[in-house]
Amino acid sequence: MEISGSVLRQLSYVSGYGTPTRSRGVASRVGLRMGTGSGFCDEGHLQYYQDTKKILTPKKLKLLKGFSKLGLASDPEKLAMFHDLQQNLTSDAGEVLLRELEAARAKEKEMKKKRKQEIKAKLKASKMNCESSSSSSSESSDSDGDCDQVVDMNCFRAGAGVVVPAPVEESPLPKTPIVEDTNAKAHRDAMALCSKNDISVSSVRDCIKSESAVVTAAPQKRIEVCMGTKCKRSGAAALMQEFERVVGVEGGAVVSCKCMGKCKTAPNVKVQNSVDHSLARGLDDSVNIPANPLCIGVGLGDVDAIVARFLGESHTDIGMIGAATAT
């Protein structure tokens with residue numbers, strides 16, 4: 001038993017001793033092979049440089065297209081550089097043309113920026129100029145068409161008078177005969193109906209008189225203050241309060257209205273002093289008062305003058321007329 005144990009110990013020692021010697025010999029052989037060999041074991045590192053060349057070639061071709069747009073035909077030196085670059089993409093001419101291309105692109109960007117700034121400035125100016133005109137076109141009232149004469153308050157203060165348009169000949173309409181014929185026909189029809197149905201004639205006459213009284217109404221004089229965008233900014237609210245103080249607020253004598261389309265000379269006021277043109281004369285036929293004038297550029301100091309000139313001494317009765325019409 002002791003002999004067999006010692007033999008096994010010797011065999012294991014011999015086997016363990018041989019293993020490191022074998023591995024040491026392999027490592028030495030590998031080291032000798034790597035030390036004596038010249039170059040890399042494979043050519044995979046060259047793929048990086050080949051890929052770089054493939055990427056640079058399309059970029060240079062793209063630059064060539066950009067160079068063709070620079071107008072090189074007019075400059076013989078640049079044209080020669082361009083042909084040289086087409087034949088040899090790695091030549092120094094490419095750097096010169098590249099700088100030319102970058103300068104041209106920077107110049108083009110600057111021109112585009114200037115054009116955008118000019119367009120923006122024009123749009124801003126047109127927006128400021130047309131702010132009032134756009135609102136007036138959408139909010140123009142029907143009373144603007146009834147205005148026959150425009151009064152510039154600057155000329156009015158200087159004593160120049162009223163801007164009178166060219167007279168238009170109008171054929172007189174037979175208003176009264178038509179009304180009389182209609183009333184007479186209605187009266188005859190009512191009498192015939194009474195005779196058939198045995199109705200008293202006095203009751204029918206009372207009905208006809210009451211209907212005619214309801215239709216007839218006196219024209220109301222009033223002052224319309226424009227409340228457009230520019231007129232509001234120019235103090236139309238304060239102007240309306242001043243007119244209410246001078247004229248009175250009973251019966252709606254001073255009212256606000258939509259834009260009249262004259263906002264360039266704001267604030268504006270329209271005086272409705274008559275419905276018929278024949279009523280636009282004073283007590284003296286030699287003094288003509290404009291019918292429904294539109295006063296432009298009105299200030300707070302012009303309120304008394306407008307009331308005295310276009311409404312006359314009867315402006316204190318405007319509220320009474322409006323109240324009678326409302327009832």
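Think of each number as a place in line: the chain as shown, counted from 1.
Cβ atoms are placed via backbone N, Cα and C, with glycine included.
Annotated features in Swiss-Prot:
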- 108-146: region 'Disordered' (REGION)
- 112-125: compositional bias 'Basic residues' (COMPBIAS)
- 131-140: compositional bias 'Low complexity' (COMPBIAS)
- Cys226, Cys231, Cys259, Cys263: [2Fe-2S] cluster binding site (BINDING)
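Here the features listed in Swiss-Prot are painted onto the structure.
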residue : record                        : CB count, 10 Å
Cys226  : [2Fe-2S] cluster binding site : 31
Cys231  : [2Fe-2S] cluster binding site : 26
Cys259  : [2Fe-2S] cluster binding site : 26
Cys263  : [2Fe-2S] cluster binding site : 23
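For the recorded site, Cys231 ([2Fe-2S] cluster binding site), the DSSP three-state label reads helix. According to DSSP, Cys259 ([2Fe-2S] cluster binding site) sits in a coil region rather than a helix or strand. In the compositional bias 'Basic residues' (112-125), helix, strand and coil residues by DSSP number 14 helix, 0 strand, 0 coil.
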